[in-house]
Every structure is written in structure tokens, then in C-alpha cells.
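Pulled from TrEMBL:
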DOMAIN    119-178  domain 'CBS'
DOMAIN    182-238  domain 'CBS'
BINDING   ASP276, SER277, SER278, GLY326, MET327, GLY328  NAD(+) binding site
BINDING   GLY328, GLY330, CYS333, SER502  K(+) binding site
BINDING   SER331, ASP366, GLY367, GLY368, GLY389, SER390, TYR413, ARG414, GLY415, MET416, GLY417, GLN447  IMP binding site
ACT_SITE  CYS333  active site, thioimidate intermediate
ACT_SITE  ARG435  active site, proton acceptor
Amino acid sequence: MSANCANALAELSKYASKDGVCVNDLMDSKKSGGLTYNDFLMLPGRIDFPSSTVKLETKLTKKITLKLPLVSSPMDTVTEENMAIHMALLGGIGIIHHNCTAEEQAAMVRKVKKYENGFISDPIVITASRTVGEVKQLASELGFHGFPVTENGKMNGKLIGIVTRRDIEFHDDDSTPVSEIMTRDVVTATKGVDLAEGNRILRESKKGKLPIVDSNGNIVSLLSRTDLKKNHNYPLASKSADSKQLLCGAAIGTHTGDRDRLEKLVAAGLDVVILDSSQGNSMFQSEMIRWAKKSFPNLQVIAGNVVTREQAAQLISDGADGLRIGMGSGSICITQEVMAVGRPQATAVRAVSEFANKFGVPTIADGGVQNIGHITKALALGASAVMMGSLLAGTTESPGAYFYRDGNRLKAYRGMGSIEAMEKTGTNANAATSRYFSESDAVLVAQGVSGSVIDRGSITKFVPYLMAGLQHGLQDVGVQSLDALRAGVDNGDVRFEFRTASAQLEGGVHSLHSYEKRLHN
Ligand code: IMP
């Protein structure tokens, strides 16, 4: 006779454990071997809240909190200032690569720190001695009108007027100096004004441009009416609490020359440095952590890469504020093949995070992330954030131009240990070489490849897609925040299932003649 349905929930208590396996059983490598993200799934929980309320706030380091657990890789085909600015605007953070001179890297950091959403920080500024003809020429070359005029003709000079389309449109004498026709009575706003207020002033003044000036009347930036509609609001933006500037990360090596580099980066306003090494457990890295923590007490230092508890323990005791996990899992990576060293990423993330979290040291799961599911799994295994290379490399914000091949729109993406990246010259300390070898090595042994990835559009669409997907994933598991996810995994409430090879095939698209895989609108 079947049991009374009303007792179904009570019946559960007769089972020794919840359905599925706990994380420790999943990770028992004696049974399963090292796991990758594809080797397991999480089991669904109960949904009693909308996905939009799921909180994704997380710690990047001991002292830095982000609204989104997303980080872009320090690679020369992934993160320069444009990627770093947009990752921070969207709630994550970008780590600027170091395959360039220290000065170039510091200049990129400075641009991120000086960036104000919607404000043009380097507008074209002219002197009053320029002629109407020259201004007409400038406008036709640049495709816009409205040039602030300063005493010295430079940014940060004293604002004395503005030349607009109306000032020059019907002025036939091209030799007239700007001083005679410019508008002197300029509507301005004071430095520190926020975007909403600046836009309100622009609208009400009915002007095309709004120069922003400091207390001495020097121009510091400009708002433009034509940009009004484009000025998105970024409520999740990662900013320093005191300066309100965007957060910026950068990577360095562990050679002596990298100390000078770090000094320049800190002077440019750097918030967090990543010590970029494929095998982070070295005496060089230990020394660098200690020196950086002593020299720059306000700087957060992320060490790595590590994949074992033992590596992690060393770097935690050296003072690391965060750890980066991964060896050989990156899409462009051939480390495991060439060096015979590394670890499957899911196992590495769990082993290191479980240990590091005991000390309040957040971890970043770095490499091998191919889709949203992988991000959710990395976070469930205890990582606080996820670092991505290939997923972000084909976006509008990554360095490099698009090109076409076989009808596809592509961007180059290369490993920092690829021969191409290691041979990049003209830098005082070649980042790629220093990540993988000492500069004195006569033969370069590649640990990465050089290739291309498909156009993914702008991260201003792609990152919100990742965020929404993550929120849905957590909703399915039945948890309302990343903290709740990690707690549920640790106390055995969130359950897992090992995935056989045929289960993996079943979980992908199958049995169709053809299909198109569109990921978001
Ligand atoms: P992806 O997201 O799977 O493309 O992996 C990106 C990660 O691969 C980076 O954040 C680095 O940790 C790692 N990586 C970058 N260049 C190389 C390389 O040349 N060999 C091995 N790993 C690399």
C-alpha cells in the first residue's frame, strides 16, 4: 500500500542524508580523480524568491568588496584601460596587463582612476588666438563643435570662453581670432558635480556643452549634450569609498624591476595588485608580498597562481590579501601538456578556497570559464570571484581590432605564455616572459597558444547577461546570495551530483539536425 501523500515531507527525515552528495564526497579524488567544472552539477533546491533579488556581492580581497564576482584577466588581448573602466562600471574589476613598460601601464591605471562616467576628461581645448578658419577646420576634422577656450590652450588651464557652432557658422572672415567671437559668458558646473546634476544643468541651460571647472576656474572636464542619452547609470560600479574613483587592478611580476613598476602603479592610484606567476609558490613571490605589504599598507595584494593547499598556506602566511587559483585550465593554456604540472580546475578551486576561507582570504577562480554555469560552480566551490580571459577577449572593450575570417568577426586572443606574447619587445621587463620563465632563459618554451575568439559585442550587454544568468542559477539552487551559496555548500545543504561522460552529452544540445545558439538578446 502506498504511503499517505500528506506525509511526503515527513518521510524525508527517514533518509540518512539529503539526495545527491555533499561537496566533500564530490571532491573525494580517490574515487573520482580531479574534477573540472563539466564533471558535476548542483542539484536544485526550492524557489521562494525572485531571481532579481539574488545578491552577488562578494569579497575580492580582505578589504575590497565588489557587487559582482567578475574579474578580467591581466592579458594583453583582454585588459587595458577600456576594459578596466567598463568592468568597474559594471560592478566587477579589470586587472591591467604588464606586457608593456611600467610607464604605459601606469598611464592606463591613471586613466581608469581619473575616469568619470559621462564626463569627457580630455576634451579638445584651444587658445583664444586660434582663428575662426582653424576652428572650422578642427570641427570638420573631428565631426563636432564646441571647444572650450583656456588661457594657455590646454586642459586644466583657466577657462575664458567657449566657441560653439553658432559663434562661427555665419562668420565669413576666417582670419578673425577666436577671442573676438567666442562666448565669454559660459555656463559651467563645479568639479565634484555628479552626472545626474550635470545633465540637469545641461538640459536647463539649453547649451551643447557644459565645462566642469575647479574652484580656481580651471577646466577639468566636459559634459556634452550629444552624449546625454548615452550616459548610462551604473548603480553597481566598483568605487573606492573615499575618492569615489573606479577601482583598478594591475598585474606585475616578481623580479626586482617590478618593485619600481609597482611604485609607479601605486602613484597612479592602483587599488589592488596581482602578482602574476603561473606557479606562485616561490621565494620571489614571498619576498614580493612582504615588500609590497610593508611599502604600501593600503594596497591589496593578490598572490598566486596556486592549486594546492600547501601553496596557499605559504602565500597566506606571507600576507596575501587574496589568492588566484588555476594552473593549466585556461583556454589558451598548454602548461599541463608541456610542464606535466597543474590541476583540474574544480578540484583546485575547492582545495584552495576551502583552506583560504578559514583565514578570511578570498580566492579568485582563474581560467577555464566557458559559460555562466562554470562561474556558478566556481563560486559554489568557495571562490569569491571568477577571472575570465577568453569570455571577455572578443568584446568591444578588449584591446585590438576586429577582423574577418571565414565569415566570422573575430579578435585575436593569445596566452601570455605564447611565443607571440613572450617575444613582444620594447619593454623593460617582459611580462609574459617573466610570468613563465626568467629572462635569462635562452630557449622560450611556450605554455600558451595564440588564436582568435568570436565577437561578443560590448561587455555593457555581456556582463549584465552573466549577472542575470548567475542570479537564475542561485535561484535554482534555492539560495539568495553568494554567502548563502557558500554556507549551504559547506554545511552540506547544497547538494551535488557527479556527471558521467554520457550525462555530459545529455546535458548539452543533442539530437537536432541543426540549431543556432543565441545566448542573449
Ligand atoms: P581563460 O579564461 O580560460 O581564457 O583563461 C585565462 C587565464 O589563463 C588567465 O587569467 C591566466 O591565468 C591564464 N593564462 C594566460 N596566458 C596563459 C598562457 O600562455 N599559458 C597558460 N595560462 C595562461
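Just so you know, the numbers here start at 1 and follow the chain as drawn.
Using N, Cα and C of the backbone, Cβ positions are placed for all residues, glycine too.
Keep in mind that what you see is a predicted model, and the values were worked out from it rather than measured.
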Spatial separation of GLY330 (K(+) binding site) from GLY367 (IMP binding site) - C-alpha basis, Å: 4
Whole-number mean of pLDDT values that fall within the domain 'CBS' (182-238): 88
Binding-site residues close to ligand 1 - of SER277, GLY328, CYS333, only those whose C-beta is under 6 Å away: CYS333
Sequence-distant neighbours of TYR413 (IMP binding site) in its chain (C-beta under 8 A, six or more apart): MET75, THR77, VAL78, SER331, ILE332, GLY389, SER390, ALA393, GLY394, SER450, GLY451, SER452, VAL453
Local backbone state of GLY389 (IMP binding site), from DSSP in three classes: coil
Sparsest-packed of the listed binding-site residues (SER277, SER278, SER331, SER502) - C-beta count within 10 angstroms: SER502
All-chain count of other Cβ atoms within 10 Å of GLY415 (IMP binding site): 27
Set of same-chain residues at least 6 away whose C-beta sits under 8 angstroms from MET327 (NAD(+) binding site): SER278, GLN279, ASN305, VAL306, VAL307, THR335, GLN336, VAL341, GLY342, ARG343, ALA348
Cα-to-Cα gap, GLY328 (NAD(+) binding site) vs GLY415 (IMP binding site), nearest whole Å: 11
Cβ neighbours of GLY326 (NAD(+) binding site) where a neighbour is any other Cβ within 10 Å: 28
Pairwise Cα distance maximum in Å, IMP-binding residues per record: SER331, ASP366, GLY367, GLY368, GLY389, SER390, TYR413, ARG414, GLY415, MET416, GLY417, GLN447: 16
Cβ atoms near ASP276 (NAD(+) binding site) (within 10 Å, other residues, all chains): 31
Pairwise Cα distance for GLY415 (IMP binding site)/CYS333 (K(+) binding site) [Å, integer]: 7
Spatially closest candidate among ASP276, SER277, GLY326, GLY417, the listed binding-site residues, to SER502 (K(+) binding site) (Cα to Cα): GLY326
